[in-house]
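Please read the structure below before turning to the comments.
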Amino acid sequence: MQLIAQHSTSISAAECLAPLLCVEAAIALLLLLVVRALLAMASSVSVLLLLCMAAVASAQLSPTFYDTSCPNALSTIKSAVTAAVKKENRMGASLLRLHFHDCFVQGCDASVLLDSGGEQGAIPNAGSLRGFNVIANIKAQVEAICKQTVSCADILAVAARDSVVALGGPSWTVPLGRRDSTSGSAALANSDLPPPFFNLSDLIGSFSNKGFSATEMVALSGAHTIGQAQCLNFRDHIYNDTNINAGFASSLKANCPRPTGNGDGNLAPLDTSTPYTFDNAYYSNLLSQKGLLHSDQELFNGGSTDNTVRNFASNKAAFSSAFAAAMVKMANLSPLTGSQGQIRLTCSKVN
């Protein structure tokens, strides 16, 4: 009887412990799931925070920012840009690219203009960024009428818009009031600027990290309706990719020979149809597999953005509207406002 009693007691204890162990296991599993969910949400949260910060910064910018302090600023910038583009059509694309390469690296703060900031020597910029002299000339003209009032970051944003207009593209209202940074970042330039060998998922991810949708990414890529690219950036595409028109590839090979280092700096237009007109021909070229860069043709290569390319190719107004809206959004990327940063006297160096 005593043995039976002891045996019964041990069974009872085990039965009591089992639910406790199950509860502990359930709690542990729940915590694990919560941690995994939080990790999965981390990137989305960071993008959400970026969007919120952009919204706050955007609220501090205004198209009328210089109406009282420097009423002739915008007309001065426009006249200088128009003259520069008339003198050299390619300059329009160069000024537009300067603005993009500025905004995608620590925000629209003119850090790309700093000689000592490191960004000019970063891989995506070295030997290819142009237009610094034009911006310096504009800054000098603006300083002559309004001392230390208009930022270099604002000059870049307005010059980009005026460059597009000078080449027949759409216009848009540029919110103003950005201030200039006191430092740049070569590391961020190397990591945040999408290279020409990116595939579609890379491009979508790169722009998503800045708060842009895939459609906005395709619209901003339409900036390649003007400008030129160096051989080193399209050599692999014309020799090794299969998603390129054979005749188009052959036409480029004489100017871009296969051995690396031979003709690396030779130029070809990103849009062979109308290289100095801001239109939607870039997208029509993609439909014919005539994208100059690997990353260009990735936008129309059987992926999720094919229909957007078709739409922009057939509807210039749709592209113009989408591009203008995306440019306004890009110009609102993390600007310095209020008492942040400074108004540089010379765009190439801090005060």
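Residue positions begin at 1 at the first shown residue.
Every residue, even glycine, has its Cβ placed from backbone N, Cα and C.
Feature list (source: TrEMBL):
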TRANSMEM  17-35  transmembrane segment
TRANSMEM  47-66  transmembrane segment
DOMAIN    60-351  domain 'Plant heme peroxidase family profile'
SITE      R97  site 'Transition state stabilizer'
ACT_SITE  H101  active site, proton acceptor
BINDING   D102, V105, G107, D109, S111, E119  Ca(2+) 1 binding site
BINDING   P194  substrate binding site
BINDING   H224  heme b binding site
BINDING   T225, D271, T274, D279  Ca(2+) 2 binding site
T225 (Ca(2+) 2 binding site), number of other Cβ atoms within 10 Å: 29
Cα distance (Å, whole number) from R97 (site 'Transition state stabilizer') to V105 (Ca(2+) 1 binding site): 13
Those binding-site residues of G107, D109, S111, E119, D271 having Cα within 10 angstroms of H224 (heme b binding site): D271
Averaged pLDDT score, the domain 'Plant heme peroxidase family profile' (60-351): 98
Cβ neighbour count (within 10 Å, all chains shown) around T274 (Ca(2+) 2 binding site): 18
Secondary structure at D279 (Ca(2+) 2 binding site), reduced by DSSP to three states: coil
Secondary-structure category, per DSSP, in which P194 (substrate binding site) falls: coil
